[in-house]
Structure formats: C-alpha cells, structure tokens
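Working notes, beginning with the structure itself.
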Amino acid sequence: MAGCPKGSWKPRLRSVVLGAAQLIWLSALISELVNRKKVATWTYNYSTKAYSWNNSRAFCKRHFTDLVAIQNKNEIAHLNDVIPYVNSYYWIGIRKINNKWTWVGTNKTLTAEAENWADNEPNNKRNNQDCVEIYIKSNSAPGKWNDEPCFKRKRALCYTASCQDMSCNSQGERIETIGSYTCSCYPGFYGPECEYVQECGKFDIPQHVLMNCSHPLGDFSFSSQCTFSCPEGYDLNGPSEMQCLASGIWTNNPPQCKAVQCQSLEAPLHGTMDCTHPLAAFAYDSSCKFECQPGYRMRGSDILHCTDSGQWSEPLPTCEAIACEPLESPLHGSMDCFPSTGAFGYNSSCTFRCTEGFVLMGNDAIHCADLGQWTAPAPVCEALQCQEFPVPSKAQVSCSDPFGPLKYQSACSFSCDEGSLLVGASVIRCLATGHWSEAPPECQAVSCTPLLSPENGTMTCIQPLGHSNYKSTCQFMCDEGFYLSGPERLDCSPSGHWTGSPPMCEAIKCPEIFAPEQGSLDCSHVHGEFSVGSTCHFSCNEEFELLGSRNVECTVSGRWSAPPPTCKGVTSLPVPSVRCPALTTPGQGTMSCRHHLESFGPNTTCYFGCKTGFTLRGANSLRCGASGQWTAVTPVCRAVKCSELHMDTAVAMNCSNPWGNFSYGSTCAFHCPEGQSLNGSARTTCGEDGHWSDAMPTCQAGTLTIQEALTYLGGALASTSGLAVGGTLLALLRKRLRKKDDGKCPLNPHSHLGTYGVFTNAAYDPTP
C-alpha cells in the first residue's frame with residue numbers, strides 16, 4: 001500500500017500466534033475459503049483456491065488490500081514460516097511492466113537490494129514469464145522467487161494495511177511500527193504530527209512598491225508567495241515575486257520602485273527651454289517648454305512631457321529661420337522663382353504657367369510674406385474640360401480619362417444594347433480646344449413588321465422599346481367558339497424578325513349531322529360548315545312525327561345542343577308503358593338528364609355533381625331501366641369534414657355548423673374565462689379542402705389571479721386597520737366570482753355565433 005511504509009519485522013513473529021484464533025471466524029465471512037495470519041498492524045491472507053495472476057490480484061483487492069509486497073528478508077522468512085505449503089506455491093505482487101520488474105501496489109521498480117530470486121531466476125522461459133511466485137516451504141529454495149507465466153493457477157498471497165488517511169495531518173509520511181507509527185514530515189513542516197509550518201517572517205515594503213501575497217498555509221509561511229509591481233511612472237528594480245521556501249528563507253529581497261527616467265534635454269539652437277521636475281530631473285512627469293528667438297519659428301511641439309514609458313511625448317523641437325514652404329512646378333506646368341537659390345525665404349516670388357491643353361487654376365504669381373506664408377496657395381494646372389453629353393438611350397458608354405472625367409485627351413466609346421443600331425461615330429475625343437471631336441451618336445431600336453389581331457381573336461402586346469420594336473412580345477387569344485392555329489406568343493428578335501408566323505383563329509367544328517329518315521334538314525352556317533354558331537332545322541315528311549329537338553345549334557364545346565331527332569310514323573308512335581320515378585337535384589349538387597323517349601322514361605340517363613365544399617356520396621350517373629327502376633339510389637352531396645376540435649379545460653368554444661359538426665362552412669369562435677387572455681386566433685373556419693383556417697388557441701393567466709388577490713387580502717384582514725380595505729376587496733372579489741346567470745344555456749350546432757354560451761359538441765349530422 002503506497003501510503004503505509006513498513007517498519008521492522010523482527011518483533012512480529014510472536015504476534016502470528018495471537019492472530020491465529022481468528023482464522024476459523026473469518027473463513028465464514030468469505031464465500032471463498034480464506035486463511036489469515038496476523039503480524040502486528042498488518043494482516044496476511046491467502047486463498048484456498050488457485051487462480052491466474054490477474055484473478056489472484058482481483059481476489060486480494062476485493063477482499064483485502066492487494067497482493068503482498070515484500071521489501072526485506074525478515075518478511076520473507078516470516079511468511080515462509082507461517083504460510084502452509086502447497087505444491088502450486090503462491091503469487092506475489094510483482095510483475096514485469098515495460099520490461100522492468102515492478103511492485104504493482106506502489107508502481108515502483110524492484111530494487112536490487114530487495115531482490116530474492118532463486119538460482120538461475122528469472123529465466124523468462126518461452127518469453128512469457130511476466131509474473132512472480134514465492135516458494136513457500138520449498139526444500140530447495142525456501143522463500144525464493146521465480147518468474148512464471150501469468151496464466152498459471154496458483155494461490156493468492158494477500159495483505160491488509162491498517163494506515164489512516166489523515167495520519168500526520170496529510171503533511172508527512174506515516175512510518176508504521178508494531179502497534180504504533182511515526183511521521184516523516186514533508187519539507188516545510190515539522191512537529192510530532194507534522195502540524196507546524198515553517199515561517200519566513202514579514203519584511204518591510206519599500207516606498208511606492210505595490211505587493212500582493214497569497215498565504216495557503218499561514219501568513220508569511222512555507223508556500224506563501226508575494227508579487228510586486230509599481231504604479232504608473234515607476235520601474236521595478238528587483239525581483240517581481242518572492243516565495244517562502246521550506247527552509248524558512250525568502251527566495252529574494254523585496255524590490256524597489258524608481259521613477260522612470262527620460263533622456264536629458266537642451267535648449268535648441270536659437271531658442272530657450274524652461275523645465276519643471278516634480279520627482280527628479282528629466283524623470284517621469286517632468287515637462288519642458290520651448291521658445292524661439294525673434295526671426296525664427298519653432299518646428300515641432302513647444303511643450304514636451306516625460307511619459308511613463310521613459311520617452312518624451314514629442315521629438316525635441318528646432319528653431320529655424322522664417323521661410324515659406326518649398327514649392328514645386330505644377331504638374332503639366334512650369335515655375336520661375338526669384339531669387340533662384342531655392343531657399344524660398346522671405347520676399348521670394350514665383351510665377352507659373354501651363355502646357356497646351358491645360359489651364360492655370362489659381363494665381364499666376366505669389367510672394368513669401370513676413371509670417372512665412374505665401375500670399376496665395378500654389379496654383380495647379382488642370383486639363384481643359386469638355387462639355388458633358390447625355391448618354392444616348394439604349395447605349396453603353398466606356399471612357400478612358402487620363403486627366404480626369406471628360407477632360408483633355410479623354411476618349412469615349414459607344415455601343416448599343418442588343419436590338420439597337422449605332423448611328424454616328426463610335427469614338428469621340430476631347431480636344432485641346434475643350435470641344436469634342438464628333439457629336440455623340442444615337443442608338444435606334446430594331447423594328448419588326450407591325451402585327452394585326454387575328455380575325456375572331458385578340459392580340460395583346462408588351463412593347464417596352466416602342467411599337468413593334470425589339471423585345472416586343474405579343475400574346476394571341478381567340479374568341480369563344482374559336483381555337484388558335486399557330487403560336488400563342490410571338491417575340492421581336494434582335495434581327496428584326498418575329499419568332500414565328502402570326503396565328504389564326506379557326507371556328508370549333510361539331511360532328512356532321514344528316515337529315516333523319518323520312519325527314520329533311522335545313523342548316524345555316526355563320527363561320528363555316530357545321531362550325532360554332534351553325535344552326536340546323538329538322539322536319540318530317542307527311543304522316544310522320546318528329547321525335548326530339550326540332551332545332552339544334554353547334555355550341556362552343558364542339559357539341560350540338562341536342563341529339564339529332566328521328567321521324568316516326570303517326571300510327572306507330574311508341575307509347576311507353578313504364579316510367580321511372582322523377583329525380584330531383586340533390587342538395588348542394590347539380591343534375592343533368594338526357595331523356596331518350598320522354599322525361600324519366602326507359603334509357604333516360606342522369607348525371608350528378610356537387611358544389612364546392614361538398615363531395616358526392618353514391619353513383620355519379622343513373623339510368624332508367626325497362627322495369628321502371630333506376631340503376632342506383634339517388635346520390636347525395638355531403639359537406640367536406642374537418643378534424644374535430646377538442647376543447648381545452650379553460651377555452652370556451654362557440655360554433656355554427658350549417659352543414660354538420662366540424663364540416664365545410666363551420667365557424668368556431670373562442671374566448672377565455674374572466675382574468676385570462678386568449679393566445680392565438682379568436683375564430684377559425686372549416687375550408688373546402690377539409691382544413692381549419694387557424695389553429696385552436698389556448699388560454700393563459702392574466703397578471704393577477706383571484707387566488708393571488710386573496711393572498712394579498714389576507715395581510716390586510718390580519719390587522720384592525722385593514723378591515724375597511726379588506727371589506728372593499730372582498731366585495732369586489734365577490735362580484736367578480738359571482739356566476740353569471742342570464743338565462744343562457746349550452747349551444748347546439750345551429751346556434752348563431754352571437755349567442756352567449758359554450759358549444760356542447762352535440763351529435764348533429766343531417767346525413768341518414
């Protein structure tokens with residue numbers, strides 16, 4: 001055990017006898033039979049079964065401390081004396097780790113002094129002998145060690161330690177002896193139980209020094225650490241930190257703070273200097289003011305300060321003879337000065353002029369005045385400006401401007417947008433006269449041949465660039481009863497041609513019809529033979545009767561308004577013996593019937609449909625049979641259903657259901673109890689697609705509930721002075737809590753939304 005160094009083993013032989021009486025009692029506590037031998041403050045244990053080395057160590061750690069750790073010859077002799085002999089011998093707590101024999105309990109390498117190998121051991125047969133056994137009561141090598149493969153099964157030799165974790169105040173190492181222990185204190189601690197900490201003592205803090213200390217073990221004691229710093233404008237001279245060592249001595253002496261020093265200054269030539277030094281000469285916070293003699297001016301700052309970085313706030317100024325700023329010839333121009341020494345001193349004068357294509361901006365002559373300023377700013381030569389021109393419509397302009405936008409030597413290139421043609425010069429230049437070499441060109445749109453609306457149709461055009469010009473788009477539609485023959489849309493392309501030929505509107509045709517047998521046909525055609533608008537009149541020969549419509553018309557759907565009639569002899573007119581019951585249009589639906597002989601007679605066929613929001617239940621067509629019965633039951637139209645709304649305990653719901661509960665057209669309104677607010681939409685409607693227009697809302701509590709008001713009321717009622725206030729609040733709460741009873745009752749599905757109440761979700765469905 002790492003925290004329990006062992007003491008002398010010589011006096012422990014006797015104590016084994018005292019501990020032997022405990023073996024029988026302990027064996028009943030362990031599921032696997034275990035025998036123990038005690039020696040003073042350690043107990044040795046061994047298993048009665050054989051295990052591999054890993055399982056043996058697991059056995060020891062589960063029941064005791066670990067496999068035994070042997071560190072001297074006396075311990076080996078004692079174990080060989082008290083532990084019984086078994087032919088498989090015992091595993092001990094040594095194993096080869098990283099090719100070194102190691103005590104597994106402490107993870108320390110086996111020292112040469114502690115080795116107790118048998119002769120010619122360890123030999124590492126087959127390169128897998130990484131664990132160690134002890135020969136207990138061996139005739140040839142009693143108590144000696146041997147390396148063995150770890151998978152072999154041997155008895156586990158264990159020990160139990162009795163050290164206490166808090167011994168020696170956790171500031172030293174406990175050395176156990178028989179029935180007692182001593183403490184070996186760690187550096188910096190002393191005393192029988194290592195209870196005292198070595199002190200270094202306090203020290204004086206020099207002036208201006210800032211100190212911050214930490215004392216983990218006591219003021220100015222072992223492990224105390226102090227850090228030092230200086231205020232702004234001071235440098236630390238000495239160590240920045242000190243530590244109290246285990247010997248009770250500080251690692252260094254305290255440092256000192258010295259004012260930051262700047263470089264010494266002198267008055268400039270032809271000038272004076274006046275300085276103030278609050279701390280030391282030319283040190284932090286010193287300041288110096290400079291002035292120049294008459295006829296000279298100062299170049300630089302007239303006041304300098306010594307900063308905390310040890311640098312002056314500005315460079316040392318100089319005094320120079322009054323002169324004007326040096327001048328240079330203007331770009332694209334020239335300059336002549338007098339005198340020509342180049343000093344630009346007082347009363348110097350300079351004249352300026354510009355090269356061709358440039359004009360002088362400013363005075364052509366300036367003088368250096370007595371204050372060192374020129375009488376006017378130096379002029380500049382600017383390129384002549386050509387007049388700005390408007391960018392032609394549908395044109396792109398790209399200019400190169402070496403001397404500025406639209407100035408001398410500027411060149412502008414023109415190009416036209418797609419669908420436009422350039423008329424004029426493609427490039428114009430700004431000349432030295434300030435005029436353009438050419439007039440700006442124009443872009444004229446490409447035009448296509450104008451189109452006309454087709455006969456019996458219409459044409460709608462979008463012409464962003466002008467009538468029938470490029471990018472014009474024309475859409476064509478035909479009047480009712482006509483269809484488009486050709487493209488529905490034409491575009492004017494950049495080449496000036498339409499993308500196709502103009503379409504035509506042709507009349508919709510109906511199937512050709514003929515005169516009935518024993519009859520005649522007379523037709524008139526407005527838009528062509530048997531086309532939309534054509535009408536035909538039928539008649540029968542004498543002695544024959546017309547059955548069907550006498551007049552039919554070709555409709556826009558391409559069908560005749562009625563089937564062609566027939567002619568039957570008068571004496572042989574059929575008298576139908578049976579008829580089917582007359583049908584009626586279903587509610588919210590449509591019905592269209594075709595009667596073969598007479599209304600609802602044999603072979604009459606009726607077709608059914610429903611309005612928006614309703615679906616057909618049943619067959620969509622019925623035919624009257626020869627027996628006078630329809631082929632199916634008359635269908636009905638049922639409203640589309642939405643999902644059922646489930647009411648929250650707090651939400652009140654009021655619904656109107658014109659076509660059934662939660663069906664198409666149902667509208668539900670929501671409101672919350674007094675004191676709560678609605679979170680969401682206050683109304684939702686069932687749509688034709690079977691979905692609600694809005695999600696169902698919820699109720700959330702307001703800022704003050706009745707219970708909270710009662711809580712606040714309790715404090716007022718608790719005192720005599722609060723009785724009046726409490727009585728008023730109780731009256732208000734009673735009024736608020738009084739259940740409203742205006743003779744209102746739960747609503748049924750047909751209740752109007754304005755009716756007060758709560759929808760009871762009664763079972764209402766008008767369908768059979």
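Residue numbers in this text run from 1 along the chain shown.
Using the three backbone atoms N, Cα and C, a Cβ is placed for every residue, glycine included.
Not measured: the values here are computed from a predicted model.
For the carbohydrate site, Swiss-Prot lists Asn123, Glu133; matching the candidates Asn116, Asn139, Asn146 against that entry yields Asn146. Swiss-Prot assigns the feature region 'Interaction with SNX17' to one of the listed ranges (289-298, 669-678, 759-768), namely 759-768. Disulfide connectivity taken from Swiss-Prot links Cys443 to one of Cys416, Cys430, Cys448, Cys461, namely Cys416. Between Cys624 and the candidates Cys567, Cys580, Cys686, Swiss-Prot annotates a single disulfide bond, the one to Cys580. Between Cys386 and the candidates Cys350, Cys354, Cys430, Swiss-Prot records a disulfide bond only with Cys430. Partner cysteine of Cys158, as given in Swiss-Prot, is Cys60 (from among Cys60, Cys257, Cys262, Cys275, disulfide bond). Applying DSSP to the domain 'C-type lectin' (58-158) sorts its residues as follows: 22 helix, 30 strand, 49 coil. The two recorded residues Cys580 (disulfide bond) and Cys642 (disulfide bond) have their Cα atoms spaced 37 Å from each other.
Most buried of the disulfide-bonded residues Cys319, Cys567, Cys580, Cys642, Cys686, judged by other Cβ atoms within 10 Å, is Cys686.
Checked against Cys158 (disulfide bond), the disulfide-bonded residues Cys540, Cys610, Cys637, Cys686 differ in C-alpha distance, with Cys686 being the nearest.
Comparing the Cα of Cys505 (disulfide bond) with the Cα of every entry in Cys257, Cys319, Cys324, Cys554, Cys637, these being the disulfide-bonded residues, the smallest distance points to Cys554. In sequence order, the disulfide-bonded residues near Cys368 (disulfide bond) (Cα within 10 Å of its Cα) amount to none of Cys60, Cys567, Cys686. When other Cβ atoms within 10 Å of the Cβ of Cys168 (disulfide bond) are tallied across all protein chains shown, the result is 24.
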